[in-house]
Amino acid sequence: MENYHADSDGFYGEFGGAFIPEMLYPNVDELKSRYVEIMESPEFQKEFHQLLREYVGRPTPLYFARRLSEKYGARIYLKREDLCHTGAHKVNNTIGQILMARKLGKKRIIAETGAGQHGVATATVCALMGLPCIVYMGEVDIARQAPNVARMKLLGAEVRPARSGSRTLKDATNEAIRDWINNPEDTHYIIGSVVGPHPYPDMVARFQAVISEEIQKQLLEKEGRDAPDYVIACVGGGSNAAGAYYHYLDRPEVGIIAVEAAGKGISTGESAATSALGTVGIIHGSKTLLMQTTDGQITEPYSISAGLDYPGIGPMHAHLFTSGRGEFHSVTDQQAMEAGKELAALEGIIPAIETAHAFAVLKQRTFNPEDILVFNLSGRGDKDLQTYIEHFNL
Amino acid sequence: MQIKENKKTDRIGVALKKEGPLLSIYFTAGYPHLEDTLPVLRELQKNGVDMIEIGLPFSDPLADGPTIQESSMAALKNGMTTHRLFDQLRDVRSEIHLPLILMGYFNPVLQFGVEAFCEKCREVGIDGLILPDLPLEIYQKQYRAIFEKYGLKMVFLITPQTSEARIRTIDRTSDAFIYMVSTASTTGAQQGFDPAAEDYFKRVSEMNLKNPQIVGFGISNAQTFGQATKHAKGAIIGSAFIKTLTAHGLSGISSFIKSVRP
Ligand SMILES: Cc1ncc(COP(=O)(O)O)c(C=O)c1O
């Protein structure tokens with residue numbers, strides 16, 4: 001049987017690994033040799049789960065969406081990651097990584113952010129632990145995500161503008177990596193998705209795996225079975241999707257559906273649909289699918305949602321795509337906005353625009369009436385209110 | 001075909017055996033102007049440098065500081081590509097006899113095709129490669145045989161944080177020189193080296209490695225060049241040289257080289 005988890009060098013099939021300059025080797029190697037042992041220790045598990053319960057508000061509900069189910073003719077459940085503290089799944093990972101950083105004796109935290117969700121989640125856990133926090137954010141994103149910039153500042157983080165390249169998420173990630181190179185002794189880099197060099201994709205996936213662990217238990221209670229027919233999630237880097245799929249990866253009876261941002265359309269040149277437009281290459285230390293020129297220069301993605309505006313996907317997802325294990329869709333800005341509006345109207349839940357992409361899949365394929373679908377509702381739409389206002393002239 | 005005598009001449013080895021400190025210059029291909037690659041090479045040779053690293057520009061140079069980031073962006077805007085560079089270098093060996101090393105990130109090489117890239121390197125007379133994000137382990141497992149088949153020498157980096165055991169593995173895997181990154185940092189000029197940096201140069205020099213060491217990152221003038229080459233065989237100047245190109249164009253090369261090594 002195919003294996004959909006990382007091997008000991010961090011490869012998912014041909015994807016993954018750690019393509020890093022020597023300057024990063026000591027830090028990445030330390031993490032690689034210790035992360036599993038630290039994560040699996042009873043002491044770590046106890047602290048991690050206590051914080052998830054009492055601080056993040058887990059378990060998040062698995063909610064049966066009655067009206068959505070009626071409309072689309074399937075049994076649709078929503079995994080409510082939007083109800084996590086700070087408003088998205090991102091905090092599952094930052095809680096895990098801040099505890100990891102503490103175990104490694106690190107005194108300074110850096111992170112990258114696009115929309116600001118991961119930046120806020122990182123600033124939050126740094127405040128919780130009393131550690132200094134520096135968040136790199138593209139100059140362009142700072143301008144378009146002002147409320148999250150303010151939240152990070154209020155939480156005590158320093159937001160440093162990334163002025164290189166196109167001044168968005170990809171460049172913020174470059175700047176965070178450069179910071180790590182320049183601070184090799186005392187700093188931990190909290191990456192915000194299942195991207196970057198091994199062991200990040202596997203470590204972040206394991207922290208997010210609390211999502212599918214809970215789905216199993218909750219679904220068993222509600223439906224008498226622990227697995228749905230389909231798990232559906234949006235994919236930027238792929239962390240909320242990895243968390244929702246995790247315990248189902250090796251169960252072929254569970255369909256895995258990934259939804260990417262098509263932006264203005266796959267063939268418009270303004271898109272972030274990596275599985276459709278990407279080729280194999282190396283981005284941020286990982287061999288994966290990414291959008292690039294034939295000369296190997298990484299190209300700029302576009303999506304209305306800053307959290308999906310990344311030119312690559314994590315190596316786990318590249319492997320799910322090329323092996324055929326995952327079914328990949330892409331959804332335009334317009335389709336995503338409509339799907340977000342529909343969820344608000346039918347269920348009283350305004351999703352993040354990232355998340356709204358996942359729901360648009362209901363219009364792209366059909367399901368059987370008895371099919372059980374679990375959508376990972378990765379985040380809430382408060383941060384996107386301005387975009388909703390402008391899009392629908394509210 | 002003009003493989004000529006290239007395969008037999010160990011230009012890097014010859015340069016390393018010369019008396020006195022070795023000066024190597026890094027510059028970004030296609031900068032400041034697309035067609036400046038060869039004129040810069042000529043000017044460097046005329047002014048007596050010992051070795052040259054030609055930078056292949058990349059959109060996301062994550063080990064580089066602002067100067068090389070900017071020169072890379074400018075070169076890409078100028079239209080530089082890997083194919084273009086090989087075209088520019090087609091006849092380089094008819095006039096440049098210095099060791100030439102290509103330095104770049106692995107992704108453009110991967111897109112060109114690793115074997116096709118190596119073949120082109122041999123064809124135009126490239127002696128060695130520095131690909132900082134192709135790590136030692138993956139090189140050994142997947143690519144070493146290809147690079148060796150085309151007679152290309154692979155240069156690996158070490159830093160002040162690299163363990164002694166790892167330095168020895170790198171020494172066993174290389175047969176050119178070891179690129180000693182001066183301080184834990186991205187590329188960029190520094191004012192001077194602190195005693196810890198000099199201790200590190202000395203510590204590595206006393207390890208009796210088979211490969212000579214060349215210091216890079218942070219060398220900018222006669223003082224830092226002198227500090228670096230007190231214990232190491234040579235030093236590489238990149239960002240400071242690119243700043244000269246930015247400010248004075250090719251006409252600044254001669255006085256810059258003289259100011260570093262009078
Ligand atoms: C709510 C929400 N969902 C999804 C994403 C995309 O990231 P990932 O694919 O890692 O889950 C983001 C990123 O900012 C987000 O904020």
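A Cβ is built for glycine as well, from the same backbone N, Cα and C atoms used for every other residue.
In the three-state DSSP scheme, B:Glu53 (active site, proton acceptor) is classed as strand. Feature annotation from TrEMBL assigns active site, proton acceptor to B:Glu53 (among others).
With a cut-off of 8 Å between CB atoms and residues at least 6 apart in sequence, the same chain places B:Ser72, B:Thr186, B:Thr187, B:Gly188 near B:Asp64 (active site, proton acceptor), listed in sequence order. Annotation comment: TrEMBL describes B:Asp64 (among others) as active site, proton acceptor.
Of all Cβ atoms in the shown protein chains, 24 besides its own fall within 10 Å of the Cβ of B:Glu53 (active site, proton acceptor). According to DSSP, B:Asp64 (active site, proton acceptor) sits in a coil region rather than a helix or strand.
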